[in-house]
Structure formats: C-alpha cells, structure tokens
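Worksheet: one structure, shown below.
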Protein chains: 2
Amino acid sequence: MMRTRPLKVALLGCGVVGSEVARIMTTHADDLAARIGAPVELAGVAVRRPDKVRAGIPAELITTDATALVKRGDIDVVVEVIGGVEPARTLITTAFAHGASVVSANKALLAQDGASLYAAAQEHGQDLYYEAAVAGAIPLIRPLRESLAGDKINRVMGIVNGTTNFILDKMDTSGAGYSEALDEATALGYAEADPTADVEGFDAAAKAAILAGIAFHTRVRLDDVYREGMTEVTAADFASAKQMGCTIKLLAICERAADGESVTARVHPAMIPLSHPLASVREAYNAVFVEADAAGQLMFYGPGAGGSPTASAVLGDIVAVCRNRLNEATGPGESAYTQLPVSSMGEVVTRYHISLDVADKPGVLAQVATVFAEHGVSIDTVRQKGKDGEASLVVVTHRAPDAALSGTVEALRKLDTVRGVASIMRVEGE
Amino acid sequence: MMRTRPLKVALLGCGVVGSEVARIMTTHADDLAARIGAPVELAGVAVRRPDKVRAGIPAELITTDATALVKRGDIDVVVEVIGGVEPARTLITTAFAHGASVVSANKALLAQDGASLYAAAQEHGQDLYYEAAVAGAIPLIRPLRESLAGDKINRVMGIVNGTTNFILDKMDTSGAGYSEALDEATALGYAEADPTADVEGFDAAAKAAILAGIAFHTRVRLDDVYREGMTEVTAADFASAKQMGCTIKLLAICERAADGESVTARVHPAMIPLSHPLASVREAYNAVFVEADAAGQLMFYGPGAGGSPTASAVLGDIVAVCRNRLNEATGPGESAYTQLPVSSMGEVVTRYHISLDVADKPGVLAQVATVFAEHGVSIDTVRQKGKDGEASLVVVTHRAPDAALSGTVEALRKLDTVRGVASIMRVEGE
C-alpha cells in the first residue's frame, strides 16, 4: 500500500549536483515513488543567487534562506550539496534538530566533523547518509558499512580523485610533464582554476579519512591522514616506473597494522604494478580496492565526480532514508567501537624506489649500501648506470617502516658521493 | 545501549560456506555484536551427516532435522546454504511462517521462485536477503537494490561464473583448447567433476535472471534467460578475437530495450574489446559492469565463489537482517512494479563475428554480401584469405536484431559456395 502524503525533500545548493538531483526527482518521480513506497517531492531549494534561471524548478520553491528551510519542521530529508564546512555544518545540525534526516555529499565536513554530525543525528533519531562524499557514483560507503559488515577489512586502497588520475594518466600515456598535463586537464574541465585541493591531495585525504573510519570502525580525522600531493611527479618518474613494470597513481591507502592494534591513512603518489587492477584505471575514473579477511580482494570502479554520477549517489541515499522513515527506523549510525588509534606515517610499512645521482667511482655502491644497512632497510634491487664521471643508482628496497626509509634518504643526501636524490617514490600494491 | 538477549541464527547446511559462516560467527562474535548492536549466536546447525567432525561447532547444536530447527520459533535468522530447489524452498517458507528472516545463497531457487519467496517473506513480515547468490563476495545485490535505487539502470553485463572464466582465461593466455583448459580447471578444483551447470551456462543464467529482475524492477525467471554454454569455443575463436583486438568471455547480459518497453537477459560467450574493463578479469574472478543513466559506467570486481568470500556476503546479510530486527523493520522487498516483459533472444540487438569456409572463386563475396543485405544486416568489415581453391571469409556485422543475424547465418549455410560455418561469435561491449 502506498501512502499518499509525500515525503518532502529540501535541497541546499543547486549547482551542478543539486540541479541534477532536482531534475531526476522530477523526471523520475513515479519510479522513485514506486521504489520508496510513497511519493517524494521537492519542497524547497536554498540557493545563493535566486535570480538565476533554474530550468524545471518552480520559482516558488527557491529561497535564499537556507536556515528557515531546514527549520520548517515538515521536511523529511535535507540534501546538503553546498560543500565546505560552514554554513553546511550548522544547517545539517539544525536540520536534525527540526526532525529531518540528512543526505550530504560533503567530504570535507565529514572528514573533519563526522563524529559530531553522527552524534547530532543520533540525538534526534535521524539518519546521516553520504554515499556521494567519496568516489561519486561508485557504491562504496554502503558496501563498506553494510555488505562487508560481517567481515574484517584490512586495507582500502583507492584512486579517489579524478582530476589527479586524469593528469597522471596523461603523463603516463603521452610522456607529458606535470604542468602540460595539468593544462590539458584544465582545458577539458577536469581541473579547477585553482587545482590545489586536488593536486596537493587534500580532497583525497578527506576521502581517506572517511573510508578509514568506516573500514576500521574507528574515528579517523582529516588531520590524522598523511598527505603528499603529486605536483612533483616527473616524466622521469614515469620512465623509472615503466622499467619496473609499474605506473604511478595518487593513492589513498588505509591500512590496519599487522598487529591489528592501530590503523594508518595516507595519500601520496606511488608506483603500482601494471598487473594491479588499479593500474588500468584511466582518465578521470575512480576505483577503490578493498582487501578483507573473508571476502578477499574486491574492487569498485566508476566515475568519481560530475553532476549526474554524484546525483545518482545522492538519490540512492534519498531512497534509503525515505524507506527508513516509512519503517520508522534509521540506518546504521557511526560505528567507532574499535577505538583503534591512528599511527603516524613513520610507522607505515612500505617500499621506496630511490633514484640517486652519484659520483661514478669505485666504492660508491658500498657506501650507499652501508647507509641502507645502518637504517635496517634491506635492498631488493639496485641498478647502476654511469658515463663521464656521472652515474645514477636506482635502488628499490624491501618493505620497511617509512621512518627508516626516510631516515635512509636523509643520510644518503649527506654522503659526499651522492650529488642528489633525483626522485623518491613509494611502491605499493604488490 | 546493547540489548542482552542474543539474536539467534540457524544454519541450514554446513559445507564449505556454512562451516565458514559458523567459524566467523564464533571467532568474530564481539565485532558482530558491536556492529549489530546486540550479540548474535549460532542456535542450531542442520546437516545431513551428523557424525562428521565439525571443528568449532558444539555437538549439541548439530541436528539432522532441519524442519524442526526452522519451526523452533525462537530463531531470528535462518541461513540457507543447502542449495537446490527442495528442500530449500520449503524450509525457507516454513522459516518465514515461524517468525524468522532468511539469508540465502541459493541462486537456482531465487531465479526460479524469487517472486513466491518474496511474497512469503512479506506475508509474514520477514526479510529475504541473498547477496551471496550472485558473484560471491562482491557487493552487488545491495548496490543494485539500494545504492542505485534512485537511478535508471540500462544494462548489466558481467562475468558471473568463475569456472568458465578460469577456462576461457587459460585458453586465451596459453592457446589451450577447451578440454585441455577444463582438465586444468578440474585438477585445480575450479571445476566440479560434472561441470555442466557451469560450462553450459545454467549457473550464469540463474544469476542473470536475478540481476535482471533487480536492475529493471520486473520479474525475470530462469526460463526467460537465453542461454548458450561455452563448450564450443575454440582456440581458433581466440585467434580470431585477437585479430580484432578482443578476447572471449562468457557473459551474462541484461538489457533494457532501446524503447524502454521490454528487457532481455542472456548468457553466451562473446568477444569483447581488450580495452573493456571486463576483458582484464582473470582466472576465477567475477566482475559485473553496470550502466545507469546518471551514474554512468560502474564495475564491481572480486572473487565470485569459494567458502570464505561467500561467507562474507552471507555475514553482511546476517548483520543487515539483525539490524532490521532490532529496528523492528524490514529491508527492501521485491520491486517488480515496472512489469516490463522479457523479450526473446531474436529481439536482442547485437553484432556477429562469422568465419566461413568458402570456395576460392570469383563472385563468392558478392553472393555472401547479398545474403546479408537480404536480411537487412549491414557488414562492418570483411577479411578474405585464400589458397589452393579453399578460402575463408571473416565477416563482422554492424548491430542488428539477433533474429536477423541468425537468419543470415542459416541462409549462408545453404549457399553452394559456403562449405561451412567455422564459427559464430557475438561481439559485445563496444
């Protein structure tokens, strides 16, 4: 039996994502009603510029007073697609206090204040859903929170930023340098005018915090995530990667420590083998690789951004929240019961690929090898190339704590015979 | 607040999957309790051979009387991992009638009787979950039923049988013939002694029926699925595929017709371009590619079978059902509101790759081309090779209804100059 009072959705923000959510809610109203079990209607849209023409949205729904909209009291679901911390945070908590559940696509806010938002939702018996905050349309939050709820996740490793993947893919396939590839990404609309949040890894770090928290049932905040951008990746790094049968991706990696007593979360460029499923993720696509005790290795792949894909994720959440309301229930809340601490980058166990410019004379390799040994880092392979008194030495290490690896690099820089460290890149996915 | 009365789980079947479910329920009891919000305990295990040693399962939980177990009345969740139609069906409906929800991994039963099982679940206010029935550990049913509930799915195309993917991958990489590759699969435990259900596509067809029903919100039964096995794929077919930049996979394909008024579901081997994400799915892995209006192209990848992966999916469902019970709610039921009819294979629009043995004399190509034209099938490419009065002709068509394509092949067989049809293979994923 379908009830006749419609569920009411308020939209905060009507940009690329919000306008697509509004469009689909209108054009697919019958499907949504059938799937929810009740009609769902757009009850208000808060915008900054009310005079802008918004096709398909009745003018009487438009308001500039977002606070009044979330306080109306008859709203079932508030969809927050404004982004940023404020006023989004206050609007969301106000919505909970006035009896609405919230669907958000706001990764920055969730990475920073997820715990307090969950607490506010729980206090008022409301739902907080945010599938769209990580990897756009790719169903990821729900599989991690629900499908894998009976399993033990050990690692989540993903390409969660489309802009940087587009740039790195261009560098890989065309041999272009970073700035050339960035220019192309900007021209094609894949990179914003100020690409800092993407290329410096801030966007990916927010997603890593969210994923780590869900995967390990503990609280991981943005500040807990180690972050390195990809602006210093060079064409020479790609050439080195190719020699190793690898490519380079900007990865978000969330891991449970071997002893199970702590977790880590980090974002940095890394070499991964071409045979790894993430290596073939092209252009602006996203993909997340999950390793769990029982399930084994899973991968989720799809468009990580864009109005329509993000709207798809938002609408899936709207349907879920509406179904919950008809059931007079709520979905899963925060799960942080393990309270596992987040370790620093120094404790992460990884491998380094190091290119050194060295003097071409006898004894250099012995000197270099001694530095590795002193730091307890064992060497997997060494490649030497020399000519005219100059030489390069490429060392790939075995697995060791990042602190030992970075300590080794610092000590190498101090050797007289080492003229420079041409590149350092972590090697993952083996 | 955690309630103290545990939720009770009854296990029907204690083979590869069941024993792993029991093991994880015991070893991860604290995690499951924290995630569910209440402890969950194994209350009974129905087996055929009670004398077999079952490590970690207390003897007093073992029974041969599955019916009595599901009728106990204090069971919250019945986990059915027996497989087959009976007695599984009767046990499931009996469980519903006695107040238990059901988690099943039974693809054959769901493909045949999904609608009546859903009806029984709804009648008694119980849940029916079956993530493990399709593609093992890969979260697929939940993403389709929930994450994409606000989107319009147009196509689901997947590798959903690990045995056949292993065989085809071996043929592709080693040049082996079908029976040689099957022997290897059998020796390694990837194929059963009687591989019919896998190699003839019955297993994949059951999964296609389930996926099509969920994706298109209509009822699709096993009998509605067109099915061709992969026992006739040859090394020569792989050679042809390579020449086209393709490989061969056994695909389950569920599509919405272009006019949106009907759907189709089919299982058959097909050539797909090496650039397609499904082409790189190796060994016994499964992957499902989903195309939706707003989300775009998504792929879900992982192990499609095996005790642990399947147990992971079962446990995710146990957690979900237990959470629902604590909420005094149920999850999404059957969604078949579109009532879209299932069209026959003849109406599927696809492309054929046809290899003909022909007489090497003038006019043959003209004759062959006339047959295609008469059936309204246009040709994309033709390749001729000839020597010593014998020749072969390889034709790749443009897209046309399967009825027209198969009609063309029948007419070609009747030409005097066509000595035989060496192979026919559909081309998908472009």
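FYI, residue positions are counted from 1 along the chain as it appears here.
Glycine residues also receive a Cβ, built from the backbone N, Cα and C atoms like all the rest.
Some features that TrEMBL has for this protein:
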- A:Lys207: active site, proton donor (ACT_SITE)
- A:Leu12, A:Gly13, A:Cys14, A:Gly15, A:Val16, A:Val17, A:Gly18, A:Ser19: NADP(+) binding site (BINDING)
- A:Lys107: NADPH binding site (BINDING)
- A:Glu192: L-homoserine binding site (BINDING)
- A:353-426: domain 'ACT' (DOMAIN)
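Distribution of TrEMBL features across the structure.
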residue	record	DSSP class
A:Leu12	NADP(+) binding site	strand
A:Val17	NADP(+) binding site	helix
A:Lys107	NADPH binding site	helix
A:Glu192	L-homoserine binding site	coil
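Closest to A:Glu192 (L-homoserine binding site) by Cα-Cα distance, out of the recorded positions A:Leu12, A:Val16, A:Gly18, A:Lys207, is A:Val16. Put plainly, the recorded positions A:Lys107, A:Lys207 were compared by Cβ crowding within 10 Å, and the winner is A:Lys207. Those same-chain residues not listed among A:Leu12, A:Gly13, A:Cys14, A:Gly15, A:Val16, A:Val17, A:Gly18, A:Ser19 yet with C-beta within 8 angstroms of the centroid of the NADP(+) site C-beta atoms are A:Leu11, A:Glu20, A:Val21, A:Ala22, A:Val81, A:Ile82. Taking the C-alpha positions, the distance from A:Gly15 (NADP(+) binding site) to A:Lys107 (NADPH binding site) comes to 16 Å. Annotation: A:Gly18 carries the greatest number of neighbouring Cβ atoms among the binding-site residues A:Gly13, A:Gly15, A:Gly18 [cut-off 10 Å, Cβ to Cβ]. Around the Cβ of A:Cys14 (NADP(+) binding site), the number of neighbouring Cβ atoms within 10 Å comes to 24. Secondary structure of the domain 'ACT' (A:353-426) per DSSP (helix as H, G, I; strand as E, B; remaining residues coil): 23 helix, 35 strand, 16 coil. Here the CA atom of A:Lys107 (NADPH binding site) lies 15 Å from the CA atom of A:Gly13 (NADP(+) binding site). The number of other CB atoms found within 10 A of the CB of A:Ser19 (NADP(+) binding site), across every protein chain shown, is 22. Close to A:Val17 (NADP(+) binding site) in the fold, though at least 6 residues off in sequence, lie A:Val81, A:Ala105, A:Ala132, A:Gly307, A:Thr310, A:Ala311, A:Val314, each with a CB less than 8 Å from its CB.
Within the group of binding-site residues (A:Leu12, A:Val16), the Cβ with the highest number of other Cβ atoms inside 10 Å belongs to A:Leu12.
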